[in-house]
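Asks: Below are the features I grabbed from TrEMBL:
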type    : residues                                                 : note
DOMAIN  : 15-188                                                   : domain 'Thiamine phosphate synthase/TenI'
BINDING : GLN33, MET34, ARG35, PHE36, LYS37, ASN65, THR104, LYS133 : 4-amino-2-methyl-5-(diphosphooxymethyl)pyrimidine binding site
BINDING : ASP66, ASP85                                             : Mg(2+) binding site
Amino acid sequence: MLSKLQYISQGNTVQEQLLNIQHALDQGCDWIQMRFKNGTFEETFALAESVKKICHQYDANFIVNDNVSLAKIIDAEGVHLGLNDMPISKAREILGTDKIIGGTANTLEEVISQTKNGCDYIGLGPLRFTNTKANLSRIIGMEGYQTIMKELRTYNTSIPIYAIGGINLNDIEMLLATGIYGVASSSLITQSSIEDELIIQLNEKLYGTVII
Ligand SMILES: Cc1ncc(COP(=O)(O)OP(=O)(O)O)c(N)n1
Ligand SMILES: Cc1nc(C(=O)O)sc1CCOP(=O)(O)O
Ligand SMILES: [Mg+2]
C-alpha cells in the first residue's frame with residue numbers, strides 16, 4: 001500500500017538535499033522522491049546512494065525523479081516520470097513489476113493515458129502556482145480537481161491520485177473530498193520546523209488518525 005504523503009526533495013547542492021531529506025525523515029515522512037535537477041552525474045549518483053542508505057535506516061521508500069537508469073543501478077524503490085521523461089512502458093521494462101513508477105498528469109485525458117501506460121500512481125497538478133517547479137502546467141485549482149475526479153469516477157480505475165503543487169495543510173480536507181488519495185509536497189515540508197509537527201498534522205488529516 002502506498003503512503004498518502006510523498007516528500008519531494010529540494011536543494012541546490014548535495015549537502016542541502018541531504019539536510020532537507022533528513023529533516024523530512026526526522027519529522028516522520030516515509031516516502032521520499034529525490035528531485036535534484038542540477039547536479040553532475042557523480043554528485044547525483046553519490047546523493048542517491050546516501051539517500052538510499054538513510055531512507056532504509058528510517059524504513060522509508062525512496063524513489064528517484066526522472067532518472068530510470070539511476071533508479072535501476074542503485075536499486076531504488078522506484079521512479080517518478082513526467083510527460084516529457086522516459087515513457088512509462090519503457091521504464092516498466094527496465095525496472096520490472098516490483099518497482100513503483102509514478103506518472104505526472106495535468107488533465108483527465110492524461111490521467112487515463114498514464115494509467116493505461118502502467119504507472120502505479122499519478123501526480124496530478126499543479127493545484128496552484130509554486131516556485132518549486134519551472135514551466136508549470138496549467139493550474140488546476142480546487143475546482144479543477146473536483147471536475148477531473150468526478151469525471152474519473154465514470155472510468156473503471158482505482159489508481160491512487162496525488163495532488164501536487166503549492167499544497168498547504170488547509171487543502172487536505174477539500175482534496176480528499178474530491179477523491180484524491182494523497183499529496184506530494186516539497187516546500188511546505190522543507191520549510192517547516194520540527195515544532196510545527198507538520199507531518200503529524202498532515203497524516204492526521206490524510207489518514208483520519210494519528211500515525212506514530
Ligand atoms: C508526485 C509527482 N508528481 C508530479 C511530478 C512532476 O514530474 P515532471 O512533470 O516530470 O516534472 P519534474 O519533477 O521532473 O520537474 C513529480 N515530480 N512528482
Ligand atoms: C515537482 C512538481 N511537479 C508539479 C506538477 O504540477 O507536475 S508541481 C511540483 C512542485 C511541488 O512542490 P511544492 O510542494 O513546493 O509546490
Ligand atoms: Mg520529470
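Every residue, even glycine, has its Cβ placed from backbone N, Cα and C.
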Asks: If you skip the near sequence neighbours and keep only those at least six away, which residues in the chain come within under 8 angstroms of ARG35 (4-amino-2-methyl-5-(diphosphooxymethyl)pyrimidine binding site), Cβ to Cβ?
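Replies: Looking at Cβ-Cβ distances below 8 Å from ARG35 (4-amino-2-methyl-5-(diphosphooxymethyl)pyrimidine binding site), excluding near sequence neighbours, one finds ILE8, SER9, GLN10, ASN65, ASP66, HIS80, SER186.
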Asks: Counting only residues 6+ away in sequence within the same chain, which have a CB under 8 Å from the CB of GLN33 (4-amino-2-methyl-5-(diphosphooxymethyl)pyrimidine binding site)?
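Replies: Within the chain, GLN33 (4-amino-2-methyl-5-(diphosphooxymethyl)pyrimidine binding site) has Cβ neighbours under 8 Å at GLN6, TYR7, ILE8, SER9, ILE63, VAL64, ASN65, HIS80, GLY102, ALA184.
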Asks: When you look at GLN33, MET34, ARG35, PHE36, LYS37, ASN65, THR104, LYS133, which the record names as binding 4-amino-2-methyl-5-(diphosphooxymethyl)pyrimidine, what is the longest CA to CA distance in angstrom?
Replies: 17
Asks: Out of GLN33, MET34, ARG35, ASP66, ASP85, LYS133, which binding-site residues lie by ligand 3, with a C-beta less than 6 Å from some atom of it?
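Replies: Within range of ligand 3: ASP66, ASP85.
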Asks: Please list the binding-site residues from LYS37, ASN65, ASP66, THR104, LYS133 whose Cβ falls under 6 Å of any atom in ligand 2.
Replies: THR104, LYS133
Asks: Say you check the Cα of ASP85 (Mg(2+) binding site) against those of the binding-site residues PHE36, LYS37, THR104; which is nearest?
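Replies: Comparing Cα positions, the closest of these binding-site residues turns out to be THR104.
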Asks: Relative to ligand 1, which of the binding-site residues LYS37, ASN65, ASP85, THR104 have a Cβ found under 6 Å from one of its atoms?
Replies: ASN65, ASP85, THR104
Asks: Sort GLN33 (4-amino-2-methyl-5-(diphosphooxymethyl)pyrimidine binding site) into helix, strand or coil using the DSSP assignment.
Replies: strand
Asks: Pop the mean pLDDT for the domain 'Thiamine phosphate synthase/TenI' (15-188) in here, whole number is fine.
Replies: 98
Asks: Could you check the binding-site residues PHE36, LYS37 and say which one's CB has the most other CB atoms within 10 Å?
Replies: PHE36
Asks: Write out the long-range same-chain contacts of MET34 (4-amino-2-methyl-5-(diphosphooxymethyl)pyrimidine binding site), meaning residues 6 or more apart in sequence whose Cβ is under 8 Å from its Cβ.
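Replies: Sequence-distant Cβ neighbours: SER9, GLN17, ILE21, LEU47, ALA48, VAL51, PHE62, ILE63, VAL64, ASN65.
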Asks: Under a criterion of Cβ-Cβ distance under 8 Å and sequence separation of at least 6, what residues of the same chain contact LYS133 (4-amino-2-methyl-5-(diphosphooxymethyl)pyrimidine binding site)?
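Replies: Those within reach of LYS133 (4-amino-2-methyl-5-(diphosphooxymethyl)pyrimidine binding site), by Cβ under 8 Å and sequence separation of 6 or more, are PRO126, GLY165.
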